[in-house]
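Visitor: Reproduced below are the annotations present in TrEMBL:
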type	residues	note
REGION	1-24	region 'Disordered'
COMPBIAS	10-22	compositional bias 'Basic residues'
TRANSMEM	29-49	transmembrane segment
DOMAIN	91-240	domain 'Glycosyltransferase RgtA/B/C/D-like'
TRANSMEM	109-130	transmembrane segment
TRANSMEM	137-155	transmembrane segment
TRANSMEM	161-179	transmembrane segment
TRANSMEM	191-215	transmembrane segment
TRANSMEM	221-240	transmembrane segment
TRANSMEM	356-381	transmembrane segment
TRANSMEM	387-407	transmembrane segment
TRANSMEM	414-432	transmembrane segment
TRANSMEM	438-458	transmembrane segment
REPEAT	467-500	repeat 'TPR'
REPEAT	573-606	repeat 'TPR'
Amino acid sequence: MQTQAERKPGIRTRQGKTRHRTARDQPPALLLPVLAAGLTLLLRLWFVVEMRGTPFSTVSPQMIDAWYYHLQALDILEHSLIGTEVFFLRPLYPYLLAGAYAAFARSLFAVQMLQTLLATGSCLLLYAAARRMLNRAAATVAAFGFALCGILIFYTGTLLYVEVTVFLSLLVTWLWVAGPARWWRWPGAGTAFGLLVICRPEFLLLLPLGLIILTRQEVRFRPLAAFAGVALAVIATVPVRNLIVARDPVLFTAHAGLNFYYGNNPAADGTWQPAPELEETAGFSHDRLKQTGRIVDGREVSWSRASGHWFGRGLRWLASNPGDALKLAARKFLLFWSDHEVPGNYYPETARSRSLVLHLTLLLGFGIIAGLGVAGMVLAWPSRSRAWPAYLFVAVHLVSALAFYVLSRLRAPVLPFLLVFAGFASMRLAGFVRERRFGRLTTAAAVAAVVFTASLLIPVDRAAYSAQGWTQWGNILLADRKAGPAEQAFRRALEADPANPSARYSLIILLAGSNRAEEASGHYRELVRRTTADPRSRPLQHLAAGRLAIARRDFGLAAAEYRAAITADPDNPESWYLLGLVHISQDSMAAARDALQQAVRIAPHHTEAAAVLERVKNRIP
């Protein structure tokens, strides 16, 4: 006997007879997902083309993690496939990036195009998985929501692992719930899951939970064993490689313990913020973190021990401060649902200033999707036996945020799964209207409205992030010798946050280099006034004073200021580099060589210092 869900709805003919619906009565099965995928492709291509020639599409040290992945990819191509030290950051993306660089002559635009194609595939996977988990209507809304989601469009153009995480998450979900009955389905799911864990190690939590649910759904032992075995084999390549190349049993990355401490320390606020013990002065780089992060009790230790040390410090702080820990967890929970994107490396605000696509699509923000998504999670609960992967992925993203911190690029991969539930909620709300079930309609709409409204009210220091974004934008423009647009960016940063020392310092550098020393001096006095009580900004004061001295051709004073900056922060490669340049101006080549060697020792990837050092060596007899 047919169930109600299996019966085909009838159509009443003019003769009063009923006939079953046929394919002619509804759109072709592939039309809507193909349209959604086409829209995904079109909008992302448009965005990437819009961003060409802007700081967004520049590979720069200003984009901390992206710059690291870029350098790692180059190192893989030019030196060693497996490397010589433990992985510091998540290793999958640099290898994928190296492959793209090898195939397309190290073109960033080509990488963006490949990620656009990956996003198009993700849209189709989302539709296929959502249709099996819930229904066709929910899948259609989810697919079009994916195409139109501004923050997902934004990350397609970045040199980060977001697009890869989204694709692998959806591929695993599709293979779990809708994969073809072929021999490769479960080994393929294991491979995709293993790569996903290498990309986001905290997702390893999904493995036991997924196996428990699949076992309850009566998936046979052999497919499950194939899935788990292949997944563990893929995951094991990382710790085995770390042990072979460095003789150090680091499970995933050296950064793991540091990352945990960044999210759980006395100064933590639920987002990524500098930890006083790791960043004693303004500015951040992975080269410097590699040095400070390995110092335990005054001496350098192995990365496995260092990572364990920082994990332990974070755990001890949580255990000894239960009240503060609870407040921090509540703050992280709220931030996870916030409509505001907590940025890092790339800033939506600055990209939006140059993109019509983002102006239009960022209107579909996290808050709207979260509101409908939470309502959909409630409404879809009776179907949880089919929709369990979507629930599981939302949960593991939330747990990750609670364990570490909230950051836009870490949160963005949850959006496809929230879109599944948002699509279901939209479909059910429309159904309630048609069926005149106004009580259910009011309840569901109220849940969505409350979550959306709350997401708008969660306090976030938007001015600080705005200033950071515009300072970064200006610094990239300044490095490209575009002084006019750079000055506009720095002034926008100071309009957002007049107390931002990096923005004011960068403006001083620009003005001093543009023969506007008096104006630069005024900003220097303002920098000193605003940062007198902040010892972390003291090196910036000396660096700014040194640049003003150069503008006045007082190289002796400039050298003294740079030495003072080095005294305040001896591990800042920029101070050593600038001191070396001053010594060149003084025709002191031996002193210049020594300073530049220090800069390169601290920051091996400081290309400007390395290039100048070679020229200086050639001038020394």
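Every residue gets a Cβ built from N, Cα and C, even glycine.
Please situate the listed features within the shown structure.
Guide: Sequence-distant contacts of the transmembrane segment (221-240) (same chain, six or more residues past either end, CB-CB distance under 8 Å): 87, 91, 185-187, 189-191, 193-195, 197-198, 204, 207, 211, 214-215, 249-252.
Proximity of distant same-chain residues to the repeat 'TPR' (467-500), defined by a Cβ-Cβ separation under 8 Å and at least 6 residues beyond the stretch ends, is recorded for 55, 58, 60, 62-63, 343, 347, 349-350, 506-507, 509-511, 513-514, 530.
Secondary structure of the repeat 'TPR' (573-606), assigned with DSSP and counted as helix (H, G, I), strand (E, B) and coil, comes to 27 helix, 0 strand, 7 coil.
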Visitor: What is the pLDDT of the repeat 'TPR' (573-606) when averaged and given as a whole number?
Guide: 92
Visitor: Of the stretches 109-130, 356-381, 438-458, which racks up the most C-beta pairs under 8 Å with the transmembrane segment (414-432)?
Guide: 356-381
Visitor: Count the Cβ pairs between the transmembrane segment (161-179) and the transmembrane segment (387-407) that lie under 8 angstroms and are 6 or more residues apart in sequence, then report whether there are at least 3.
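Guide: Answer yes, regions in contact.
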Visitor: Cβ under 8 Å to the transmembrane segment (29-49), counting only same-chain residues 6 or more beyond its ends: which ones?
Guide: 57, 109, 112-113, 115-117, 119-120, 122-124, 127-128, 139-140, 143-144, 146-148, 153-154, 156-157, 355, 357-358, 361
Visitor: Taking pairs 6 or more apart in sequence, does the count of Cβ pairs under 8 Å between the transmembrane segment (438-458) and the transmembrane segment (356-381) hit 3 or more?
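Guide: Between the transmembrane segment (356-381) and the transmembrane segment (438-458), which are separate recorded stretches, there is contact, as judged by 3 or more close Cβ pairs.
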Visitor: In the domain 'Glycosyltransferase RgtA/B/C/D-like' (91-240), how many residues does DSSP put in helix, strand and coil?
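Guide: Split by secondary structure, the domain 'Glycosyltransferase RgtA/B/C/D-like' (91-240) comes out as 125 helix, 0 strand, 25 coil.
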